[in-house]
Amino acid sequence: MAMEAAAERSAGAGAAATAAPESGGGGAGERRSRFRRICVYCGSAKGRKASYQDAAVELGKELVERGIDLVYGGGSIGLMGLVSHAVHDGGRHVIGVIPKSLMPREVTGEPVGEVRAVSGMHERKAEMARFADAFIALPGGYGTLEELLEVITWAQLGIHKKPVGLLNVDGFYDPFLSFIDMAVSEGFIAEDARRIIISAPTARELVLKLEEYVPEYEVGLVWDDQMPHSFAPDLETRITSS
């Protein structure tokens, strides 16, 4: 949690601090964005449908057209490889964050852009969140869902106000969204928290929705290592070990 807290100290203010796009990269017809970097979560596999692969490339090109740099999981295989190459080939900066232990498995050939090797998954997620102004999930598996749900939860808790989007290719995320809707109807997720999740079937439509997103919660929650030292003992006296 300490590493995630360090990331979110920057992330809470990051959207405002990095809203202005940087110069460089892209072409003369580039559509500017309020986002400097978008973090993309996606699978290290390509999936069984060509539409998933096409969507990864489409998303990469959309980021390039809008002058947005990419933050991602650092792999060169699967959808990660496709989206990172599309952004890099288009002249935008790519930041890949990957645990050292995963490099032999997920990096083949020459990696693109800037590769940051970290100690483990917690540091990876914290670094990706720190660099990003928004988050997009392409189709993926357990790892993609874990990363996605963490930033959704952080938004619900008011730790950050960065938009979170699903690129819902061929209805891939329909079952997930149905589960969220059921959790709302059963009283486990608040209706305003449901609106944290933005989805669209195409990259262009999704990025437009992210641009228009208005946060549901105010940033303000802090982790225990950010609290004043004088307050921490009062908390500790209420905690018992099992």
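Positions of Cβ are set from backbone N, Cα and C atoms, glycine also.
Swiss-Prot has this to say about the protein:
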| type | residues | note |
| --- | --- | --- |
| BINDING | Glu106, Arg124, Lys125, Gly141, Tyr142, Gly143, Thr144, Leu145, Glu146, Glu147, Thr153 | substrate binding site |
| COMPBIAS | 9-22 | compositional bias 'Low complexity' |
| REGION | 9-30 | region 'Disordered' |
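Shown here: features listed in Swiss-Prot, placed on the structure.
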residue	record	DSSP class
Lys125	substrate binding site	helix
Tyr142	substrate binding site	helix
Thr153	substrate binding site	helix
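Look at the Cβ of each of the binding-site residues Thr144, Thr153 and count the other Cβ atoms within 10 Å; the largest number goes with Thr144.
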